[in-house]
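Features of the protein shown, as given by Swiss-Prot:
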BINDING   CYS69, CYS71, CYS87, CYS90  Zn(2+) binding site
BINDING   ASP491, ASP493, ASP495  Mg(2+) binding site
Amino acid sequence: MIDQYKHQQLRIGSVSPQQISAWATKILPNGEIVGEVTKPYTFHYKTNKPEKDGLFCERIFGPIKSGICTCGNYRVIGDKKDEPKFCEQCGVEFVDSRIRRYQMGYIKLACPVTHVWYLKRLPSYIANLLDKPLKELEGLVYCDFSFARPVVKKPTFLRLRGLFEYEIQSWKYSIPLFFATHGFDTFRNREISSGAGAIREQLVDLDLRIVIDSSLVEWKELGEERSTHNENEWEDRKVGRRKNFLVRRMELAKHFIRTNIEPEWMVLCLLPVLPPELRPIIQIDGGKLMSSDINELYRRVIYRNNTLIDLLTTSRSTPGELVMCQEKLVQEAVDTLLDNGIRGQPMKDGHNKVYKSFSDIIEGKEGRFRETLLGKRVDYSGRSVIVVGPSLSLHRCGLPREIAIELFQTFLIRSLIRKHFASNIGVAKSKIREKEPIVWEILQEVMRGHPILLNRAPTLHRLGIQAFQPILVEGRAICLHPLVCKGFNADFDGDQMAIHVPLSLEAQAEARLLMFSHTNLLSPAIGDPIAVPTQDMLIGLYILTSGNRRGICANRYNRSNWKNSKNEKIRDKKYMKKKEPFFSNSYDAIGAFRQKKINFDSPFWLRWRLDKCIMSSREAPIEVHYESLGTYHDIYEHYLVIRSIKKQICCIYIRTTIGHISFYREIEEAIQGFCRGYSYGI
């Protein structure tokens with residue numbers, strides 16, 4: 001069992017048979033060692049009690065009811081009297097029943113079994129370490145081939161080398177005539193190895209440091225060969241693939257050395273049995289039992305393993321082919337338990353439903369890790385859909401009233417009592433239920449000094465969870481500034497976010513100093529800005545500044561305008577005859593827009609200050625309009641200049657839209673605010 005106070009992380013990897021035995025084995029007070037599951041039974045059909053040495057045995061996994069053994073005797077847990085701590089009749093310890101959530105058992109396999117994750121998953125770790133094709137290793141594991149066992153400093157009678165098919169050997173029927181049955185088995189086992197045992201022998205003989213050195217030497221030789229012979233493209237690709245394989249092989253060997261994992265641990269001799277509470281049998285209405293699929297897969301393994309034990313021990317005259325066939329069945333049963341369907345057709349029950357194996361239980365969105373460990377429900381948390389909050393600051397978020405009053409209810413009750421708005425907790429809760437006006441005022445004060453954390457799954461990097469200062473908003477959706485969406489990889493098409501309230505002072509300080517959104521503007525991976533306009537903001541800016549498609553030359557022949565005007569609406573034809581209005585300042589233009597005298601994208605002329613005008617002296621006017629008083633207008637593509645008789649500039653008008661004005665004013669206010677903040681800092 002993992003101590004939650006001592007261990008804050010979890011590492012998954014291969015373990016030795018000794019470690020599996022240490023997890024599952026326990027010594028009873030009378031000195032008896034228990035832990036091995038030898039029977040494929042669960043509960044007795046008459047007594048409804050767990051079978052001894054079965055998958056739910058109370059001697060191995062602990063009592064079903066705290067302090068009560070199989071016989072029905074009772075002892076107080078934690079009692080310091082000299083009474084025995086276990087039942088001498090049934091051998092069950094008087095301990096808490098919660099032990100059945102973490103106490104494991106084991107199955108002692110009659111033959112070594114290859115772990116299918118390391119053999120069949122890509123890349124195959126066993127094939128990479130042994131530098132052999134995966135098909136050859138599969139044929140060896142599933143007894144399609146046999147392997148000649150090298151006998152050091154001893155002559156071999158059959159003179160076999162490498163892999164061979166046992167079925168087609170000429171000596172298969174002739175040599176047994178000269179041996180007794182037991183003698184031939186000893187002779188055959190001396191020179192022939194098959195199944196996962198052959199894989200294990202090769203992994204035991206493997207020296208990882210020699211693997212690294214030999215792979216490095218071959219990698220260098222291939223590099224020199226590729227530099228000298230670079231004419232054949234096919235050979236270059238072949239050499240490149242081999243070099244990539246050697247790099248993966250060296251990295252894998254270094255990983256095994258660094259983590260102190262032995263390669264032979266990828267072949268199982270002991271099979272762990274999960275605690276019973278993780279694979280329960282539940283009785284439903286009508287007396288029917290519902291069992292976890294893992295129990296049926298365990299039973300299949302135990303049945304086949306016990307059959308193999310009988311063939312190896314009780315029957316001395318068992319043919320070798322029958323033993324190899326039974327070893328293959330044990331291997332397939334363990335494969336189904338670990339990963340059902342990895343070798344093709346999955347195993348199904350009587351209702352044609354596929355059994356759920358270990359892989360199905362732990363992987364995916366509904367697996368043990370993502371649903372139970374990473375996605376478990378916690379207190380002081382909520383969840384809702386996100387919507388855009390265009391008026392929010394970067395470090396703020398809008399929290400719905402309904403969610404806020406639940407998350408901050410504890411703090412709200414304390415503030416109501418402290419400020420004498422409520423005499424006790426009951427009165428405070430009644431005020432909160434009635435949603436009196438004073439409640440919202442106190443809630444705003446509480447939230448003002450308390451940050452919250454927003455998280456969007458999957459949390460693939462540290463910007464997947466950020467801190468914000470909450471403010472109350474109407475509705476039921478979380479309002480979010482659009483600039484922070486890239487860090488969350490979120491958009492406003494129905495995405496949901498989780499809300500967490502940091503409780504301790506340390507958590508609140510960490511949220512304020514390290515996790516606020518306005519302090520996380522750069523990507524932690526590459527250092528590029530991550531708070532940049534995306535999606536909704538880009539579309540909004542485009543619509544804001546797009547304007548009318550017709551330019552100032554709309555009344556003249558222009559090829560681009562002629563192409564764009566094919567699908568113009570009737571209102572655009574009316575626009576050609578309508579004169580564009582003039583405004584002396586932006587306030588008048590915005591007032592006309594609010595009075596619906598002009599449209600959002602309708603162009604107009606806006607008087608501009610001379611000190612803010614930048615004109616190109618080489619640009620020629622498109623048209624020149626002369627007035628009766630001698631003044632004239634130089635009309636350019638985007639601005640208009642009114643000059644006097646002496647050619648002096650009287651005033652300047654720019655051709656713009658309401659969207660451009662709004663965008664310019666926002667940028668101007670932002671720059672002025674930045675300059676003021678910078679001057680205050682100096």
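Glycine residues also receive a Cβ, built from the backbone N, Cα and C atoms like all the rest.
Worth saying up front: this structure is predicted, and the values here are computed from it rather than measured.
Within 10 Å of the C-beta of ASP493 (Mg(2+) binding site) we count 9 further C-beta atoms, all protein chains included. Note: the CA-CA distance between CYS87 (Zn(2+) binding site) and ASP493 (Mg(2+) binding site) rounds to 62 Å. For CYS90 (Zn(2+) binding site), the nearest of the binding-site residues ASP491, ASP493, ASP495 in terms of C-alpha separation is ASP495.
Within its own chain, CYS71 (Zn(2+) binding site) has CYS87, GLN89, CYS90, VAL92 as residues 6 or more apart in sequence whose C-beta sits under 8 angstroms from its own.
Proximity of ASP491 (Mg(2+) binding site) to non-local residues of its own chain (separation of 6 or more, Cβ distance below 8 Å) is seen for CYS485, GLN535, ASP536, given in sequence order. Its own atom aside, the Cβ of CYS90 (Zn(2+) binding site) has 16 Cβ atoms within 10 angstroms in the protein chains shown. In this structure, the CA atom of ASP493 (Mg(2+) binding site) is 57 Å away from the CA atom of CYS69 (Zn(2+) binding site). Note: ASP495 (Mg(2+) binding site) has non-local neighbours VAL385, ILE386, ARG456, i.e. same-chain residues 6+ apart with C-beta under 8 A of its own C-beta. Using a 10 Å radius centred on the Cβ of CYS87 (Zn(2+) binding site) and all shown protein chains, the other Cβ atoms total 21. Every protein chain considered, the tally of other Cβ atoms within 10 Å of the Cβ of CYS69 (Zn(2+) binding site) stands at 22.
Listed in sequence order, the residues ILE386, ALA490, PHE492, GLY494 complete the 8 Å Cβ shell around the Mg(2+) site centroid, once ASP491, ASP493, ASP495 themselves are left out. CYS87 (Zn(2+) binding site) falls outside any helix or strand according to DSSP and counts as coil. DSSP gives ASP491 (Mg(2+) binding site) a coil state; it is part of no helix or strand.
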